[in-house]
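Pulled from Swiss-Prot:
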type     : residues                                             : note
BINDING  : GLN11, GLU71, GLY144, THR145, THR179, ASN206, ASN228 : GTP binding site
MOD_RES  : LYS40                                                : N6-acetyllysine
BINDING  : GLU71                                                : Mg(2+) binding site
ACT_SITE : GLU254                                               : active site
SITE     : TYR451                                               : site 'Involved in polymerization'
Amino acid sequence: MREIISIHLGQGGIQIGNACWELYCLEHGIQPDGSMPSDKAIGVEDDAFNTFFSETGAGKHVPRAVFLDLEPSVVDEVRTGTYRQLFHPEQLISGKEDAANNYARGHYTIGKEIVDLCLDRIRKLADNCTGLQGFLAFHAVGGGTGSGLGRLLLERLSVDYGKKSKLGFTIYPSPQISTAVVEPYNSVLSTHSLLEHTDVAVMLDNEAIYDICRRNLDIERPTYTNLNRLIAQVISSLTASLRFDGALNVDITEFQTNLVPYPRIHFVLSSYAPIISAEKAYHEQLSVAEITNAAFEPASMMAKCDPRHGKYMACCLMYRGDVVPKDVNASVATIKTKRTIQFVDWCPTGFKCGINYQPPTVVPGGDLAKVQRAVCMISNSTAIAEVFARIDHKFDLMYSKRAFVHWYVGEGMEEGEFSEAREDLAALEKDYEEVGAESADVEGEEDVEEY
């Protein structure tokens with residue numbers, strides 16, 4: 001088997017986790033208590049969904065996941081919620097005191113005490129796997145736990161499981177909506193380590209997803225539940241080929257191989273289509289070509305940045321439902337002829353496609369329409385540098401006055417770490433700029449007409 005362990009950190013990560021596991025259970029027909037009426041071979045671990053669930057002898061299905069927070073309230077909601085019987089109690093770990101939006105508390109003082117316990121749980125889960133493929137880490141980098149403890153945990157995972165892939169689903173601070181004053185500090189400090197310790201990081205931001213909810217689903221005042229269910233659809237589409245059988249299955253390591261041209265340039269954008277409410281879906285065709293075009297719309301991107309301002313280096317299109325390769329090839333060919341969608345000149349093909357026959361599942365009482373087919377795109381575009389530029393600018397404004405820095409230093413962090421992280425991000429912006437530059441200009445001295 002190719003198992004995957006999910007790690008949900010901090011409030012953001014845990015709440016996305018709730019939405020994801022709710023959706024996985026619906027997709028596989030697993031009841032909230034872990035039983036699965038449709039599973040005939042009890043205790044036999046060769047079903048495709050065993051990548052995400054382990055089976056006990058009694059036929060109960062337990063998620064291969066760890067929920068971790070430094071304060072108890074959010075984990076307690078899982079302990080008392082609908083799916084309380086699904087998880088093993090040891091998989092829900094909570095501390096006593098909060099990271100208080102402070103990266104240094106999550107990374108140095110409070111996080112240090114809990115990280116060994118968490119690694120111990122992860123080791124137990126890993127021992128239970130026959131062929132562990134990698135980790136999915138879910139966290140927000142604006143707060144203290146997701147950024148500080150997230151960094152600590154990813155660093156330790158790199159040491160213990162060096163060769164395994166690590167995919168991060170990272171919620172970045174939005175341009176307009178802010179949940180904490182010190183967000184820019186936390187996210188810059190955390191990104192500094194995401195550069196080294198994740199293989200692919202999918203960027204999400206709340207504001208972009210709010211806009212999608214308002215515009216496409218006609219939800220006037222979207223809640224976090226609306227947002228998380230949308231994110232869960234994306235994550236479910238990315239992992240569908242690991243959990244179901246399909247025509248063109250895509251492995252987790254394939255994302256890496258196809259999306260990451262240089263190790264540092266691994267921050268990717270995601271989009272999903274069709275995102276429409278049930279009323280609208282009734283009147284629309286939603287062919288493969290249509291949903292493919294929709295996935296490339298700047299408005300569909302789940303992070304606030306405009307892909308028209310940059311160039312694509314690569315993109316993965318994951319189709320699910322009633323889709324045949326012929327339609328996919330036709331719609332990809334159409335995309336390639338569009339002037340608005342630019343690829344870098346050193347990457348001529350640029351597309352990786354996956355097809356899975358399992359149609360998208362919707363949560364009962366949710367906002368999305370039940371559709372025959374859907375596509376999820378993750379793309380590596382130079383436009384993502386906009387996100388970093390925005391955060392860096394806010395960081396600079398605060399750091400020039402050394403505002404709030406004493407809270408971090410007081411928790412045992414050195415001030416030099418701020419400037420080191422900031423320089424690393426400046427270098428990252430520069431990297432993106434160079435990657436997007438015309439390659440002919442760079443090699444101006446050499447004779448270009450070699451081939």
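Every residue gets a Cβ built from N, Cα and C, even glycine.
Mapped onto this structure are the features recorded in Swiss-Prot.
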{"residue": "GLN11", "record": "GTP binding site", "CB count, 10 Å": "23"}
{"residue": "GLU71", "record": "GTP binding site", "CB count, 10 Å": "18"}
{"residue": "GLY144", "record": "GTP binding site", "CB count, 10 Å": "28"}
{"residue": "THR145", "record": "GTP binding site", "CB count, 10 Å": "34"}
{"residue": "THR179", "record": "GTP binding site", "CB count, 10 Å": "14"}
{"residue": "ASN206", "record": "GTP binding site", "CB count, 10 Å": "25"}
{"residue": "ASN228", "record": "GTP binding site", "CB count, 10 Å": "20"}
{"residue": "GLU254", "record": "active site", "CB count, 10 Å": "15"}
For GTP: widest Cα to Cα gap among GLN11, GLU71, GLY144, THR145, THR179, ASN206, ASN228 in Å: 22
Separation of alpha carbons, GLU254 (active site) and GLN11 (GTP binding site) (Å): 30
Rounded Cα-Cα span from GLU254 (active site) to ASN206 (GTP binding site), Å: 27
Residue pair GLU254 (active site), ASN228 (GTP binding site) - Cα distance, angstrom, rounded: 25
Coarse DSSP state, helix versus strand versus coil, of GLU71 (GTP binding site): coil
For THR179 (GTP binding site): DSSP state (helix, strand, coil): coil
Secondary-structure category, per DSSP, in which GLU254 (active site) falls: helix
Reduced DSSP assignment, GLY144 (GTP binding site): coil
